[in-house]
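Structure in structure tokens, see below.
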């Protein structure tokens with residue numbers, strides 16, 4: 001796609017943007033994204049879903065299925081996958097609750113042993129451990145109030161996103177031709193093919209991102225399973241891949257997926273070393289996934305610098321929270337796509353790329 005960006009923006013100056021200018025624009029865009037996150041987060045997820053589902057809808061329409069039906073079926077497939085992940089999440093919670101009484105007794109037994117150890121070895125009265133929950137309850141009235149407010153707000157925003165994202169996705173898919181025509185009208189009519197090529201490469205970028213994520217989950221599942229098998233935990237493959245799939249839910253997923261194997265191993269083997277071993281395995285794998293596996297696998301598919309991937313994850317988390325951890329990677333990839341083909345953005349292309357030279361125009 002040579003000279004596309006130059007054709008689309010013929011009045012763009014030929015001078016190169018400096019690092020200072022790039023940073024300034026980055027700060028300004030970040031401010032807009034932060035204060036407009038209520039709109040931009042669901043809209044961005046909807047665009048991601050629409051780009052991924054578009055080829056499926058197109059294939060169904062070529063088979064003679066009505067446009068509305070194809071969109072409904074495509075969104076339904078995605079909804080079923082989402083419900084499957086939700087089922088795994090709640091099944092882990094239910095499984096942990098079934099083991100809660102035995103787990104609680106083990107925990108209380110551990111506290112008693114720890115009290116005895118501290119008193120015997122260091123002559124320290126450690127009864128404060130058993131009184132700690134009561135003290136926390138007595139001094140946490142205000143904290144509980146604010147926690148309830150924050151929880152209610154988080155739940156309401158989650159339900160809002162769960163409703164509005166599918167609605168946005170359906171309308172984007174249904175009115176895709178109209179939206180494309182609107183985009184065409186911003187540029188001269190002879191640039192239509194160039195715009196179509198940009199859109200095609202954008203869709204391919206999102207597809208490569210999704211395929212990279214699936215490969216990351218596979219690698220993480222294998223590593224989790226190997227670690228649990230070495231420890232001798234029952235059903236290591238099942239627990240390993242459940243933990244891998246639930247990493248799709250940042251922070252919460254890995255915590256919930258680890259509770260059940262921790263409880264079962266502690267009850268089964270009657271030793272604290274097995275739960276600690278599980279925590280160690282999951283922690284090491286998560287560190288590898290966040291700092292090595294994800295940047296390398298996804299970065300290679302999107303032709304992004306692994307350092308840029310890590311920075312994008314951190315920046316996305318700061319601006320949009322957990323949503324930014326997912327969405328900012330394809331955003332950066334699209335910026336790289338444009339920078340590769342724009343001489344004035346050569347500096348930015350070099351910053352984002354992986355030992356590749358931008359095309360000159």
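The backbone N, Cα and C atoms fix where each Cβ goes, glycine too.
Note that TrEMBL annotation is computational and uncurated.
TrEMBL feature annotations, pasted as is:
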TRANSMEM  17-34  transmembrane segment
TRANSMEM  40-57  transmembrane segment
TRANSMEM  69-90  transmembrane segment
TRANSMEM  152-175  transmembrane segment
TRANSMEM  214-233  transmembrane segment
TRANSMEM  239-260  transmembrane segment
TRANSMEM  272-294  transmembrane segment
TRANSMEM  306-339  transmembrane segment
Please give the sequence-distant neighbours of the transmembrane segment (17-34): residues at least 6 beyond its ends with Cβ less than 8 Å from one of its Cβ atoms.
40, 315, 319-320, 344-345, 347-348, 351
Could you tell me what the rest of the chain brings near the transmembrane segment (214-233), counting residues at least six beyond its ends with Cβ under 8 Å?
239-241, 243-245, 247-248, 261, 264-265, 269, 274, 277-278, 281-282, 284-285, 288-289, 293-294, 297-298
Short question: which residues 6 or more past the ends of the transmembrane segment (239-260) have a Cβ under 8 Å from it?
85, 88-89, 92-93, 95-96, 99, 217-218, 220-228, 233, 278-279, 282, 286, 289, 322, 325-326
